[in-house]
Structure formats: structure tokens, C-alpha cells
Amino acid sequence: MQVWRRALERGLTSLSNPNNSTCLSIFVSLSRFRSSQTLQDDEEPSTPAPADFDSTDFSISHTKLATSKPIWDAKYRARADQALFRGKGSGLPLKEEEREEEEEEAALANPDEVDEEEMVEAVGVREEDQRSLSVGLVGAPNAGKSALMNFMVGTKISAVSRKSNTTTHEMLGVMTKGNTQICFFDTPGLISKRDSRPDVKVRVESAWGSLNLYDILVVIVDVHRHLTKPDSRVTRLVMNLGKEEQQKQKRVLCMNKIDLVEAKKDLLKVADQFKDLPGYERYFMISGLRGSGIKDLTQYMMEQAVKRPWDEDPTVMSEDMMKNISLEVVREKMLHHIHQEIPYVIDHRLMNWNELKDGSLRIEQHFITTKQSQRQILVGKKGSKIGRIGMEANEELRSLFKREVHLILLVRVGRVNIR
Ligand SMILES: Nc1nc2c(ncn2[C@@H]2O[C@H](COP(=O)(O)OP(=O)(O)OP(=O)(O)O)[C@@H](O)[C@H]2O)c(=O)[nH]1
């Protein structure tokens, strides 16, 4: 059963606000993906330019569908595993693990060919062995929730693609590791400007009312900001949430952005300020962006998980994640084929994403260069470079997404916005 559905069944239906539908933007916060969402209208060519690569112009072999191994995935996953689990992964030697992943992928791609027993094996964990944890994240805007999510789960293929049913519960991400699944939820609205408008009041009350839904509450404070420009509302929030010992929920305080604090003794000052609050079981000093302290935080969470079936199918990718992957794959191919500084000085954006009736995906991405000469290098002689990039990326995306992909790449000169 989904977490939000459980929440509703616990009598929290009043939290939903039909006027304010929340779009689930699952944990994909890589800046490049965000930049794809902030397209400036004035940068669009007035008439659509013909694509420099259009996969329909090529006949791409279908034989490798669902069997070829995505090269980005293992690499990123290994990096995340290394960072979070000291490279232990699921306990198997890496080679063995990779082989098993390959077999799993092949089995999942052809469900008709495996019996139920094998399917359980392929998905990995029987329901009775599954452990789950729901984690609510509390923090002021900019405290660093997305960056933390990105680091913890951004490279794990385990996400959902559904909208949360209440305005106060936005699922940020899902991390599935071994037999444990952790679902992270945003709990916005706890810190609002002094605003007496009724809808703001309702939102704040709803946010407070929803806090107890989660197994764990993680309170995130931007410790750098707290030291340089403290916000009394944040201090009050930390104090309020920590003032009493909790029976049904564990609460932890995460002091984030420690990488920005030069004098480490300043961190101790903050720790000292909050150290006597009985409501917090643990304190963590972290940098969600750089990854310091995240290993310990993750391990702590894994240990808190309870025996409960998973809420989310770990084999399903979210649409946001797929969008992000599509950018990653194309970029990887570009880096492989263009050995100059160009990949680093151009803007690469996702312009269009459409799921067609037949289940296939139409993905349009643009490369924006500042100079015509850069455009020329990227396109290559008679489109040879961009053609190669497009062909290889199209193949890999088709194999990753297990469906037909119609990839369109366009290289154009325009204003570059690199973050
Ligand atoms: N140096 C540093 N910057 C960080 C860290 N965590 C987040 N940031 C930066 O802080 C800014 C805000 O981070 P987000 O992760 O978007 O913050 P958020 O809490 O999700 O913000 P809202 O979406 O407004 O709620 C971004 O520019 C991040 O890159 C960190 O550990 N160190």
C-alpha cells in the first residue's frame, strides 16, 4: 500500500487541497535537468530548425533491445555504492554482482519466459523479507533537501512515477538497497512568512499535522546560514521539534552544508546550541552536496527500517529520472566523440519529452553553442559526429528504457546558460 494512501486512511484527508495540486518531482535535481526546465522562450528559433540527428532517418537494429548492458548505470551505481556503503554493495564481489544484475535485467525484460519463482529471484526480495522506512524531511527552503536526496538516491534506479495525493506530501525519492526500501517525503510549509491569509494558515497547520506520519523525521538546518545569518524561525522550528522525546517516531537533526564552514569549531557551537534537546535521537553533520556524513546517515536509516512490504516497485523508473538519464546518456556519448572543450562550454537541454500512444518515447534535446565554429565541430562533416552520438545514444536509451525511442538532437547557436 502506498504511504500517502496509508496517510489518508489514518484520517488525514483534510490535508489535501484540490486547488493546489502538487506535481511529484521525484528527487531528480541535477542542475542540468533543472536547466532543461528553464528554457527561455527568446532562445527558441523562430521556425523549428531541421534536426541534426533524427533517429527515424536511420534504421537502428532491434536485436539488442533489452539485452545490452547500460554502461552508465553500473558505473554510477558503483560510485554511489562506494560512497554510501564503502563499496560493499549487496555483499557480493562486484563482478558477481554485475553478472547478477545483467541476469536480472534480462529476466525482467522477458517476464513471459520466467516462472514466478524466478521472478521473485529477479526482483530480489520476497515480500515477507522486505523492510521499509518512511522518512519526512523538514527544513527551510534552500536547506539542501534536494541535494541530499540527489546524493542518496539519485543514482539508484528505484523510483516512482506518481503524484502524491496531498499537497503536503511530496515524495522526493526512493532508495532500495538489499531488502530495505526507504521513501523520502518533503514536508514543506512549516516555515512560512508571517502571513495571515487563511490558505497559508491551513497549509502550515496541515504540515504540522502530517509530521507524525513518518517513521523518521529528519530536520535539516543550513548550518552555514545559521552561523552567518540566523533565522529565528528556523531556530524555533528546531527547538520545537526537539523539545519532547517521541514515542512513535525517531527524530534526527542534520546540520547540513558543513563544507561551507571553515572554522570547524563553529560547528561545535551550533551542536552545543541544540545538544540538549530530548526529541532528537541522533545528530549528524553532513554535506548533502559533497557527501560527507551521508554514509553514516544512510546506515542509521537502514538500521531503523521495519519489517513491512515495500511501497514502491524498485524496478520502475520515474519519468523525471528517465529524462535525466536521457540527458546523461547523450552527454556521455558526446564526451566520447568530441575531444575538445566544447562539451563543457555548451548548453545541453531537454526540450521535449513525449510518450506516444504506442508506448514509444519521443525525446528532443538541443545543444546550444555560442559560436558557429563550435556548432560545426559538434555536427561534423555532413552530420557525421552528431549522427554517431545520436545513434549510440538512441541504442542505449532503447535498451535502458526497454521500449522504442525516437531521439532528436539539434545543435544551434544561441545564448548559453551553463550552471
Ligand atoms: N556547499 C553546499 N551547498 C549545498 C549543500 N546542500 C545544498 N547546497 C546548495 O544549496 C542550494 C539549495 O539546495 P537544495 O537542495 O535545492 O535545497 P532545498 O532544501 O531542496 O530547497 P527547496 O527546494 O527550496 O526546499 C543549492 O544551490 C545547493 O547546491 C551542501 O551540503 N553544501
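Using N, Cα and C of the backbone, Cβ positions are placed for all residues, glycine too.
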For this session: Identify the region 'G4' range according to TrEMBL, selecting from 20-23, 116-119, 256-259, 392-395.
Result: 256-259
Exercise. Out of 165-169, 195-199, 230-234, 245-249, which range is noted as region 'G2' by TrEMBL?
Worked result: 165-169
Seminar exercise, completed: The answer for the region 'G1' (139-146), taking Cβ pairs under 8 Å and residues 6+ beyond its ends, is 27, 29, 172, 186, 188, 191, 219-222, 225, 231, 233-234, 237, 256-257, 288-289
